[in-house]
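Positions annotated as transmembrane segment by TrEMBL: B:6-27, B:48-67, B:79-98, B:105-123, B:135-163, B:175-198, B:265-283, B:306-330, B:345-362, B:374-396. Annotated domain 'Cytochrome c assembly protein' per TrEMBL: B:289-397, in sequence order.
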Amino acid sequence: MENTKCDCGHNNPVGTVLCEYCGKPLDESGRSDPPLEMRYEGRARRSQTRNTTLFDRVWNFFSSVKVAIWMILITLVISILGTLLPQEQSIPSNRPEIYYAQKYGVWGDLFYRFGLSNLYESPVYIALLAAIGISLVVCSLDRVVPLYHALKNQKVTKSPVFITRQRVTRTEPVSVGEKEALLDRLAENLSAKQYRIRREGDSILAEKGRFSRWGPYINHIGLILFLFGVLMRHLIPGWYLDESVFVREGETEKLPGLNYYVKNEKASMELYDPGEMPPSSENRQPVVKKYETRAVLYEKDRETGTLKEVTRGSIRVNHPLEHEDLQLFQADFNTETRAILLNVKDKKKDRVVDTIRVDLFDPKPEYKLNGGVKVNILNYFPDFVMEGNRPATKSENPNRPAFIFSVDAPGLKQPEKSWLISGANLDDINRENRYEMELKKLETVNVSGLMVRIDKSLPVIFLGGIISMIGLVMGFFWHHRRVWVRWKEGNLYIGAHTNKNWFGLRRELEQAAEKAELPLSFSLEKR
Amino acid sequence: MIKVMEYSLLATFFFYLLSTVAFVMAVTGKGSRAGKEVHTRLWGRRGIALAIGGVALHVLFIVSRVLVGGHFTSNLFEFTAFLCFAIVSSFIILYLIYRTITLGAFVMPLGVIMLAYASVFPRDVEPLIPALQSYWLHIHVTTVALGEGALAVGFVAGLIYLIRWVGENPHSATATWLEVILAIILMVVGFVLSSFIFGAMDYQAAFQHNFEGRMVVQEYRMPAFVGPHEGVTLQADSFLGWKEPLMEAPSWMKGEEAAKKLNSVIWSVLSGLLLYGLLRGILRKRVYEILHPLVKSLHLETVDEISYRAIAIGYPIFTLGGLIFAMIWAHEAWGRFWGWDPKETWALITWLFYSAYLHLRLSRGWHGLKSSWMAVGGFVVILINLIAINLVIAGLHSYA
Ligand code: HEM
């Protein structure tokens, strides 16, 4: 490809395929008749013209669509692997190193070891996305610039070789006398089909929908913006927050990492009435209709330390509470036992002396009752287990509260020890006692699990999405069509090119030609 | 209103079925006195009219379903039925552009199968759990389905291309693979048919077995080739004297419904092979050879373009629904616009696949044969998301 001077006299840059001036193919070593390669108008791209510095090499690597396709396919395959087993964030355990091996055996273990259990946040995956991003930038720049120049500087008069080697082309003998009127009629009828017409001597260039050529690039810009927004969340401190907080009804909790507090005024759950359920689901479990938390958001004054209300409202699934960038989502709901009410019963007199209320989160050491009866809590195990033969607690959550009380009353020689373990019958142990602790009632409280989020990238991410969509629609629902007509030495040459939807182009040409009293068939079947 | 809903669904089904018949008549008929051309045009027109009528009835069904239940895309029945609607609508649009009658003879049966498959799922109107109570549910799911409908038409056109191409190259590897694909399609048909038939017979069987320390019951709707591992038959209808499972599921298939799913797979494979055997036995031809006469008048380049065009229409719609709307909704519901649950990840995989398709086509010149295989592959990815992910790996999207 040494000689880049065209027969028409125009000097083209190295790497050019079709003469920039007349469109004639330059490299005719493999002289044959297949349609011309029209991509980027046969223009030279940067990646084809420079290959010396390191920068050039990197540029060329990322500008290759082949490389891009490989990156897309690798991302695709790796993504599939990650869906074979659940990801870490959705397993019911926070010990993944044990969980996968236990639940799924050898494969589970391998899954964990290869890092597939947290694939989508892994450096490899993020690097792949970043590489696609770089590739998008480089590739688009590499092509859009020459494409823009080529389309802007199009010449109307093209070499007959160029025209007859288009995918859609016809040549008809037309005499000198007829040609002027025929060219006029063709121009007029193509114009009626919304083509923009340029004329130059015996040549016509009709073009429409050029803007759709920018669709893919606009789409790529949107994708880049999107990826950029995603990356920013990890790079800029305070840009992104993803935490959760559990708040009991009536309580106020600090939001992790923020100077805000949230109060849960009321948390509730509503079920569907049986009447709202389809008949066949009678014997199924009830279905939840609504989870709701009535919340108040406070900001802590840094100087005085007091809480100042900033907003309040109800949080439901799909309806978060928002304050500036902060959003609180309803994510979890459960009911906890908060307190127990105990009847202290005198077995000898067979009557209840008094009732005490023990707060499971904050039990008092001593309770004074009617008739001088006194109850002390000797020991409290919120989450009772036997470890060997010693009682112990698994956690601070009152999942299975157990107590050792000591009861003292005027008539007793010495205080009695009384055991109470929720869910266990301890009559045997406590048989000797005169005073019995009898469970009267459990007091429950609803707990809301709220997700606490800040995501300042969202506008960028969604803007990226919108731009990307605009690009897609431009590129796919419109088409760039061009028709070249030239009369030369007794022949009329017609050639046409589109970037997609050839069928429509053929039909349009046929209709325009017929109206111009030049009945030509452009359809495939009758070629 | 419930009556309207039920009858409109039934009527839709028959319209699609009749449209299938009309299209097949159009492409196979020898043409009587009037001659081949007139015959084809006449039956083609009947086919498209029936398809349009079917779509109108389908709209009636959707509207009445919304009036009765307030929503129409919240479970598998509703979603699959809507996908069927999307496929037929996309076909009609492409038909209006390209006027290819042959396409109808292949797409309309797909619509029929989809609708039959939908009706295999429970059809009750169910109340929405809180996470689904959002208008984004409808916006997201309908756009996804519309996109997938167009992509499905792209798949059918790709298949037609392959059949057309293989007819002239019968000894290629493509011929063998195409035959395999057609056999798999017959398995899906077999599954739908057997579910449909046993559903109509109201076949029931129940087996109890131990699952992670609890006793659970699996209810079968088809006779059991395999029962649960160490299961006990609670109750089983007799089908031609066959009641008990022929064998037990292997012990490593531990999932709660694993045996039932395995049984469905066995039914699909066996009924598919039976259909395949019948076709080959009776017609003494390979399946693609049976189909080839239907497509041989088409121009390869046109079929390629139809397939590409359908995908070019479906891709942006799918992007909008499956990614962008999905993100907006996920953001509203869970506070994160992307959660990497299997369903979402597979939507991304589908999208990456079609992106690769478009790039390969545009810059590597993958037209025709390769492009058609990719159109087929893309639909397989969609089906994996639709069927496998729902049945095997249930994610946050517990419904569809
Ligand atoms: C996952 C990410 C990507 C998506 C979703 C995407 C999407 C698209 C779409 C939809 C088109 C239009 C195709 C058509 O008209 O048939 C396109 C074209 C194109 N893409 Fe991408 N793309 C992605 C990544 C890339 C990357 C990384 C590169 C860089 C190498 C690239 C280079 C191109 C080029 C050169 C075109 C052709 C534009 C033209 O000639 O009109 N794409 N892309």
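Think of each number as a place in line: the chain as shown, counted from 1.
Quick reminder: no glycine exception, Cβ is built from N, Cα and C everywhere.
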Query: Of the listed stretches B:79-98, B:105-123, B:345-362, which one has the most C-beta pairs under 8 A with the transmembrane segment (B:48-67)?
result: B:79-98
- request: Grab the same-chain neighbours of the transmembrane segment (B:175-198) for me: Cβ-Cβ under 8 Å, and only residues 6 or more beyond its ends, written as numbers and ranges.
  value: 113, 116-117, 119-120, 159, 162-163, 166, 169, 221-223, 239, 264, 267-276, 279, 286-288, 291, 376
Field: Positions on the same chain near the transmembrane segment (B:306-330), where near means CB under 8 A and six or more residues out
entry: 90, 93-94, 97-98, 100, 103, 134, 136-137, 139-155, 157-158, 160-161, 336-339, 344, 347-348, 350-351, 354, 357-358, 361, 371-372, 375, 378
Statement: Looking only at the domain 'Cytochrome c assembly protein' (B:289-397), mean pLDDT returns 83
Query: Are there 3 or more C-beta pairs under 8 Å linking the transmembrane segment (B:265-283) with the transmembrane segment (B:135-163), counting only pairs at least 6 apart in sequence?
result: no
- prompt: How do the residues of the domain 'Cytochrome c assembly protein' (B:289-397) split into helix, strand and coil according to DSSP?
  reply: 88 helix, 0 strand, 21 coil
Message: Should anything in the same chain at least six residues away from the transmembrane segment (B:265-283) have a Cβ under 8 Å from its Cβ atoms, list it; otherwise answer none.
response: 183-184, 186-191, 193-195, 222, 225-226, 290
